[in-house]
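Take a look at the structure set out below.
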Amino acid sequence: MAVKTPFLKLLPLLLLLLHFPFSFSTIPLGSVIYASGSNQNWPSPNSTFSVSFVPSPSPNSFLAAVSFAGSVPIWSAGTVDSRGSLRLHTSGSLRLTNGSGTTVWDSKTDRLGVTSGSIEDTGEFILLNNRSVPVWSSFDNPTDTIVQSQNFTAGKILRSGLYSFQLERSGNLTLRWNTSAIYWNHGLNSSFSSNLSSPRLSLQTNGVVSIFESNLLGGAEIVYSGDYGDSNTFRFLKLDDDGNLRIYSSASRNSGPVNAHWSAVDQCLVYGYCGNFGICSYNDTNPICSCPSRNFDFVDVNDRRKGCKRKVELSDCSGNTTMLDLVHTRLFTYEDDPNSESFFAGSSPCRANCLSSVLCLASVSMSDGSGNCWQKHPGSFFTGYQWPSVPSTSYVKVCGPVVANTLERATKGDDNNSKVHLWIVAVAVIAGLLGLVAVEIGLWWCCCRKNPRFGTLSSHYTLLEYASGAPVQFTYKELQRCTKSFKEKLGAGGFGTVYRGVLTNRTVVAVKQLEGIEQGEKQFRMEVATISSTHHLNLVRLIGFCSQGRHRLLVYEFMRNGSLDNFLFTTDSAKFLTWEYRFNIALGTAKGITYLHEECRDCIVHCDIKPENILVDDNFAAKVSDFGLAKLLNPKDNRYNMSSVRGTRGYLAPEWLANLPITSKSDVYSYGMVLLELVSGKRNFDVSEKTNHKKFSIWAYEEFEKGNTKAILDTRLSEDQTVDMEQVMRMVKTSFWCIQEQPLQRPTMGKVVQMLEGITEIKNPLCPKTISEVSFSGNSMSTSHASMFVASGPTRSSSFSATRSFQTMGITSSGPASTRISEGSMLGS
């Protein structure tokens, strides 16, 4: 009896402990935690994760969740009031109840022989039977988040409000609004089979999201987190309530801020983001929601995302209906939308047909050359996007008179003025070019046509020598002969292989044999003509071309020194580049790209800026090569959706792999990486002990923040007294501005030249990848809804798929970057 008495005294204490935190992950039957109980939780063995109640945004409500670091939910059961509880019942069912006793959520495992629960070090919450076999798991029943080591298989769905994310059987990743409208459809590269049997998605410890399946050896890499490479970082993939899918990460596995490093889509392209009749646009930093005009009011002025409502319903118009014109605005639709239809019509008929039809509430006229007109019928959900580069005008039926927003009237006037200015500039440039060609032909006719020196040359070679700007057309046999059957290989890249050749007039040339070029004869010649019309000191000159049968070749001037990478990354002391050479190469390259972007008749986006495509002449002046081989952009809209983009990982801007439009700012990003390599002498994607196993660009920014810029400098230059540290600082600052995640945070190449030359003061740059505008702090999450783009990966590849299926009135969408920050923000006043 003396032995039993102490045990009986301890029994109440043991029972009490069932209601309080455990040191181990095992959770016995009968355990309970209360919403009102401070510090009550069921922790994982390493205390990284815990099951607990965290405050909800709604007042006096709490979310029952598995949390990271005690405050960041990665799985949730639901929300209850302060008297709610989460209990593992003796029946084996895990149940969340409100203070009134109402069941909010139930695991429905009361007949599965559950004997205990457990929260693992991976963040998985499981219920076990008497054989320690899981019968229920939070990983198998995800809510809005996927963590590392969690397998997300086809058929599972993440949900957040009206939005959902799922992995299709085909391997595609989709984001949907209200289960019907697919506004993001990210597919596998066409080289993979679309007939997958059981694909699974996984967020790897290095920050790469991959799809695995028996038919995919090694898996297919889908997207990269902006801080990929560091396996000591905790990351998770979350569907936020704004409809965007983001990758978050924390540098600490136990605490600290959680930042977003990638998001799936431009925020204004999220279907329904601004509610019914809401129009999404941007201010300097964030997406904003507005009504189409003053004929509408906000449903809730305190929450503009709830949409708008008509001040006067169409049924009360008494025949006084008219059309509200919204320029540069696109109302969204989706595939198989039952409340919309399309046909071919011009802008005026598209507007008039809708006005006269009782079944039409709005229409959209595409001004992208397609001639499409889309009509929205009663029952439609109206959600749209407005930005100056959007190639469409939307018409919304309203009760007259139209009361337009001030911003819309100003935009329309500015648009008309800009069109007039563009016409004036275009006519002047064309007239100047025609005059120059006429003078050159006249000079040749008068002075050179009878010169015997040209007697043995064909008319093509005569044109080569004396009519600069007109490319010479070679036959395939001529180029085969001058390269000795393509014997001496100079290099290879994403567009083909380069060979050394000697023309009959003894001119040494570089002959590029193009691969994967599918354009027809006429289109190829037009692009060659455009490339050959570009003349700049820092561009490699195109001499001629061959377009014969399936053969497509380009002939360039020859650079004996080869490309920049031969000097920058070599250990050969004979090829060492002094600081003066490096700075001049950086400046020359910037000037060459500026010419392509801002001074050509057509904006030429290079799409593959890297050291291998920067050649060095005998005087070590930079010559940019391979420009114009990607699609030329419309000067009125320098955005382009590429279905098979080419580039080199490590230099690709985040928007490439995020399926967002490619612009001239994508070249700026690539140039920024090259700039950092010129300073450091190291590849931007190098990971080593010196960089603490971080990507070099991220490590370099951390050293810059510490004021240790000299650590970034090439060690071979560290003892060189001739190094201009002011130039080093300008190059480093400029490089970090160039590699900002958001395209409009990056400077134009014209600004880059000014920054390098010291014409303008450069403000300290923002962290290019490690600091995000979406972050968790304490128990709450704050977001500016800035879209975080995917980062380029550490290895090279020549081709990526960039197809997109989200349709905006039937046309593939091409929205702008989500964060609208003025380029002036990086420059001093």
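Just so you know, glycine gets a Cβ as well, placed from its N, Cα and C.
The region 'CaM-binding' annotation in Swiss-Prot falls on one of the ranges 554-571, 572-589, 590-607, namely 572-589. For Cys354, the disulfide partner recorded in Swiss-Prot among Cys360, Cys373 is Cys360. Residue annotated by Swiss-Prot as N-linked glycosylation site (from the set Asn46, Asn641): Asn46. Burial estimate for the disulfide-bonded residues (Cys350, Cys399): highest at Cys350, by number of other CB atoms within 10 Å.
Following the DSSP three-state reduction, the secondary structure of Cys268 (disulfide bond) is helix.
For the disulfide-bonded residues given as Cys268, Cys280, Cys360, the lowest number of other CB atoms within 10 Å of the residue's CB is seen at Cys360. Closest by Cα distance to Cys280 (disulfide bond), from the disulfide-bonded residues Cys289, Cys360, Cys399, is Cys289. Least crowded of the disulfide-bonded residues (Cys274, Cys289, Cys317, Cys354, Cys373), judged by neighbouring Cβ atoms within 10 Å of its own Cβ: Cys317. Residue counts for the domain 'Bulb-type lectin 1' (26-140) under DSSP, helix first, then strand, then coil, are 0 helix, 61 strand, 54 coil.
Across the structure, Cys373 (disulfide bond) and Cys354 (disulfide bond) place their CA atoms 10 angstrom apart. A 10 Å radius around the C-alpha of Cys274 (disulfide bond) takes in these disulfide-bonded residues out of Cys268, Cys317, Cys354, Cys360, Cys399, in sequence order: Cys268. In this model, the domain 'Protein kinase' (484-759) carries an average pLDDT of 84.
Closest to Cys354 (disulfide bond) in space, going by CA atoms and restricting to the disulfide-bonded residues Cys268, Cys289, Cys317, Cys399, is Cys399.
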